[in-house]
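First up is the structure itself, then whatever we jot down about it.
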There are 2 protein chains.
Amino acid sequence: MFYGAGVTLIPWPVPEPQLAQATHPVLADAARAAAAAYREARRLHTRPQLAEELAMGADGTPTMRVDSIVEDAIAESAQRHGVNLLSEEAGFVDCGSATTLVIDPLDGSSNAASGVPLSCFAGVLARDSIATEALTVWLDTGRSWWARAGQSTPYRTSGRTTLDGAAVCLLRPKPHARDEWLRVADRAGRLRILGTTCLESVLVAEGSVDAFADPGSDTLRIVDLAAAMVTVPAAGGAVVDARGRTLEFDPDLTRRWSGIAAATPRLADEVAETVLG
Amino acid sequence: MFYGAGVTLIPWPVPEPQLAQATHPVLADAARAAAAAYREARRLHTRPQLAEELAMGADGTPTMRVDSIVEDAIAESAQRHGVNLLSEEAGFVDCGSATTLVIDPLDGSSNAASGVPLSCFAGVLARDSIATEALTVWLDTGRSWWARAGQSTPYRTSGRTTLDGAAVCLLRPKPHARDEWLRVADRAGRLRILGTTCLESVLVAEGSVDAFADPGSDTLRIVDLAAAMVTVPAAGGAVVDARGRTLEFDPDLTRRWSGIAAATPRLADEVAETVLG
C-alpha cells in the first residue's frame, strides 16, 4: 500500500504579509485575512481536500475548497469595513458604499491546493469605480507589491521594448489558441508558466520578467488583471488586451480577456501583434 | 530617459538555508556557502551584471557572473573539506579523496540573474562513485529537501500512475523536439515551466506536482539530475531518461539526457512512452 502526498498536509508555513505602511487599512486587512485563512486551510486540509470542488463561482469556473475558505475570510473583512466586494467566486456584493474591493482571493488556486508555492492575494481599492491603489501578496513568502494609481512605484519594469529574446511568462497553451501561443513562445528568449497571473504580473512590474500574457485564449477575468492594471503602469509598463478590447471593472465576471502585462507600451503592442499574427 | 530594473539591485533577501540536522557537514557547508555567495552577488550586482557571460563552462554552456560567484564559493568549501568536486562550470576537480560532491551550484541561473525567485542549490555526496545523500535548497526561501540514498523520506510523492490529467512541469519547448513537448503538454491536467529542474524535481518528491520532464530535447546534464536521482526514489518516485539511457555520474559534463522525474515508476514510463510517440 502506497501512502502518497494525498494523505499528508502541505508542510510549508504561510508567513504574515509584509505590507507597505501606506497600504489602505481595508486592503491591508483583506490581505491579512486571506493569509490567515490560507494558513489555516493548509493546517486542516490535505491536498485533495483543498482541491475539492464545492460549487460553481460567479466567474463560471468551479470553486475549490481552498478558494472558498480564503474568499469567505476576505468577504468578512470587507463586511467589517462596510465596503462593497467584487470577487471571483461571490461576484458583486453591494453594501451601498462608494468604496469597492476588487479581489482575486487566491490567484494560482491550483498551485495553492497542490502545494506549489506560487499563489497570491491580489486586490484593488476603487472609489466610485475608479481604482485608487493595488496590493499583491505572494502568500507563500509574504512578499508584497503595493502601488497607488498614477503614482510612480520604487520598483520599475525592465524597460524592454522588443519581444525577440525577452523573458516572457505565459498561460499554458490551450487547444483553441495553440498557434498564437507558439508564435509568442518562439520569439521569447526565456519562457515560464508559473500558473499565477498576479505574481507573474508583479514580476513584470519589478523588472524580473519582461512580459506576461494570455496569448489569445481569452481566459482572464477582470479580477485576474485588476491589480496589474494599477501596478504595472505605475512601474513604467502597460496592461492591454491582445484584441484591443477595453479592460474595465464589470460585475459580470463571465467576461474574459487575453490580458498582456509588459515592461513598456511598445512591448505590450508587439506581444499583441504577435498573438494576432 | 527611462531608468528600468536594469540599474537596480534585486531587493529580496536570501535567507539562511534551513537544513535537516542529519545533513553531512560537507554538503551542509556547500549549501551555506552557496546561499551566502548568492546573497552577496545580489547585494553587489544589478540584473545585467549578474547575467553577464564571463566564460564557457565545462558543460559547454556559457557561465554567467552569478553562476561563477556561487560555484567559486562552493569550490572553496569543498577544498576546505578535502573532497573532490564535480560541478557545472568547473567540471571535475580531483583531490584524490574517496568522497565527491556532485553539484549544480545555481540551478535556475536565468531566474537567479533576473530576479525570478526560483533558483536552487542542489548537491549529492558520493563515496567511491556511489551517491549516499542529496540536498536541494530553494535559495530564495531557504527551504530544503534532504534524502539519504535508499532510505524513505518523510515527504512522499503523489503516488500518481497516469499522465492524463497529471500536474506536470516541463522544460520550455525546443524547436528540435516540439512535437514531443506538445504530446506531453496535451495530456497534462496542469502545466508549469518554472525554469529550475532541481526545484521542479523536489516538488515531485514532496507530491506537489506529479512529474517533471525534459520531453526529448536532451538538455539535462548529470548535475541537473543528480539530486533528483537520490531524492525522488527515496520519496516513492522514479527518475529515468526518456530514451532509456542509463543515468550515470560521469565527469564528462557535455553528456546530455532527457530526464524524467515522476511520482511512480509507472508514470515515469508513461511520460517516456509519450515523449517517444
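Note that Cβ sites are derived from N, Cα and C of the backbone, with glycine treated the same way.
Of the listed candidates (B:Glu88, B:Glu206), TrEMBL assigns B:Glu88 to the same Mg(2+) site as B:Asp104, B:Leu106, B:Asp107, B:Asp224. Secondary structure from DSSP puts B:Glu88 (Mg(2+) binding site) in coil. In the three-state DSSP classification, B:Asp107 (Mg(2+) binding site) falls within a strand. Of the chain residues outside the Mg(2+) site list B:Glu88, B:Asp104, B:Leu106, B:Asp107, B:Asp224, B:Ile103, B:Pro105, B:Gly108, B:Ser109, B:Cys120, B:Ala122, B:Thr197, B:Cys198, B:Val223 have their Cβ within 8 Å of the site's Cβ mean position.
Cβ neighbours of B:Asp104 (Mg(2+) binding site) (same chain, under 8 Å, six or more residues apart in sequence): B:Ser87, B:Glu88, B:Cys120, B:Phe121, B:Ala122, B:Gly123, B:Thr197, B:Cys198, B:Val223, B:Asp224, B:Ala226, B:Ala227.
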